[in-house]
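Chemist: Please read through the structure below; I'll follow up with questions.
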Amino acid sequence: MEHEDQEAQKPLLATAAGSSGDGRQGAASSSSSSSIAVVVASTAVAVAGSFEFGISVGYSSPSQPGIMRDLDLSLAEYSLFGSILTIGAMLGAIVSGTVADHVGRRCTMAISDLLCILGYLLITFSQNFWWLDIGRVSIGCGIGLLSYVVPVYISEITPKNLRGGFATVNQFMICCGASLAYVLGTFITWRTLAIIGVAPCLLQLVGLLVTPESPRWLARFGHPGAFEAELQKLRGKGTDISEEAVEIKDFTEKLQHLPKSKMLDLFQKDYIHAVTVGVGLMALQQFGGVNAICFYASEIFVSAGFSSGNTGMLAMVAVQIPMTGLGVLLMEKAGRRPLLMVSAAGTCLGCLLVGLSFLAKEHHWGKDLNILLALAGILTFGGSFSLGMGGIPWVIMSEIFPINMKGAAGSLVTLVSWLGSWTVSYSFNFLLVWNSYGTFFIFASICGLTVVFVERLVPETKGRTLEEIQASMNSSLTGPPHK
C-alpha cells in the first residue's frame, strides 16, 4: 500500500529529460495543462455516450401515458416496449468486446451512436407498435456497446493518477441523462423527447472526428507509429512518454506470445481471478436490487402509502446526482475498495429499511412509519449506490483484464450485467406478490454479501498502471517477455 501511495503522489506527467530553469518549468507546466485538457476533452466526448445511455434508460417512464394514448397501446404492449431495451442491450453486449477489438474504441462509439440515432428516429416517426419496438431494440444494441466501450476507452487514455475519477464520470453522466429524461418528460411530448435523445449522439459523432484513439489498442493491434503519436497527444507535446511507452510495448510483447483469446480461455487459472472479480461485481451490482428500486420507485412509494410517487422520485433524483459527484471526487483519494464497501453497506441498509416499511404496512404499525421507512430506505439506497456500486464495478472491469482478453472478458461481463438487469426487472413484480418485505430482505442479504466479496477478492487499483494491475492478477503476464 505504501508503494501505491508513493506512485499516486508522483507528478502526473514527466517532462522531457534535461529541462530546467524557470522558462522550461513554465513550458512543462503548460505541457501538463495541455495534456490534461486533451484527456478531459476526450473523456467528455466519450461520456456523451453515457449521457445518451441515461436518457435511453429514463425515456420509457415519463413517456408511458402519451405513447399509450397516441398509439392506443395496451399495458402489456407498452411493458414490452419498456423492457425490450435490455434485450437489445444484451445483443450489443455479446458483440461489444469483439467489435471494440476489431474496429477500435472510437469506431465502436460511432457505431453505437448510429444505432441510437436510428432507434430514436424510428420512435419519433412511429405510427404503430412495431416501429416503437424496433427502435427500442436498436437503441438497446447501441447502449449495450456503449456500456462496455466508454469505461474501457477512458481507462486506456487517462494517466493512472486520474483514471478512477475520470472513469466514474461515466456513471455520473448516466445518472444525469436519466434524470433529465425524467424531468423533461413531465412537460414535453414523447416524440419531442425522442428527438432530444438524438442530440448526444450527434455531439459525440462530431467529437470523435478529433478525439485520439486508445494508445493501448493501437499498440496491441499493430499500429506502433500511431500508438506513440496518440500517446504523445494525450500526454502533451513537451512530456517525456518514453517510460510509459516502453511499459505498454513490453506488456504488449508478452501478450503477442500468448494464444489468441477465446471465451473459454477466460476460465483458465491465469485469468480466473480477474473473471471472478469482474463477473462477481456485475452480478452483485444487479442482484442487489438496483433496477427494482429505480424502475419501480414510484410504485414502491405508492405501495408504502404515498398518495403519489412523484415526490419520492424527485427526491431520489436530487440525492443521486450529488452522491455520484461525491464518488467521482473521492475515487482517487479513498480508493476503489473502501468506496465499494461503504456503498454496498449503504445499499444493504437501504433495502432493510424498505423491507421494514412493507413489514410495518402488513402489520399495521402506522402509515406515517411506513412512509418514513420507505422514503429513508430508497434515498439511502439511491445515494449509497451512486457513491460507488453504480460506477466502480465498470471502472474495475476496464482495469483488470489484459488487452488480449479484454474483448472476450468485456463481452461476458457486460452480458452478465444486462442479463441481471433484465432478470431483476422482469421478476420484481412477481417477487412483490410473493412476499413484499421478504424481497427486500433478500436484496439486503446480497448487498451484505457484496461487502464480504469486495473485502476478500477485489484488488485495490488506485495509483497503479493498467499493466501493473493486470500482471498482478494474471500469472502468465508476470514473467519477462519471450524472445
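A Cβ is built for glycine as well, from the same backbone N, Cα and C atoms used for every other residue.
Quick caveat, the model's predicted, so the values are computed rather than measured.
Taken from TrEMBL, the feature region 'Disordered' covers 1-30. What TrEMBL lists as transmembrane segment is 36-59, 79-99, 111-131, 137-154, 166-184, 190-210, 271-298, 310-331, 338-359, 371-396, 408-428, 434-454. Summarising the annotation, TrEMBL assigns domain 'Major facilitator superfamily (MFS) profile' to 42-462.
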Chemist: Check the transmembrane segment (166-184) against the transmembrane segment (338-359) for contact, please; criterion is three or more CB pairs under 8 Å, pairs 6 or more apart in sequence.
Modeler: no
Chemist: Which whole-number mean pLDDT does the model give the domain 'Major facilitator superfamily (MFS) profile' (42-462)?
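Modeler: Mean pLDDT across the domain 'Major facilitator superfamily (MFS) profile' (42-462) comes out at 85.
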Chemist: So, taking each listed stretch (79-99, 137-154, 310-331, 434-454) in turn and counting its Cβ pairs to the transmembrane segment (271-298) that are under 8 angstroms, which one gives the highest count?
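Modeler: Counting Cβ pairs under 8 Å, the winner is 434-454.
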Chemist: Considering only Cβ pairs under 8 Å, which range in 36-59, 190-210, 310-331, 338-359, 434-454 makes the most contacts with the transmembrane segment (111-131)?
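Modeler: Result: 190-210.
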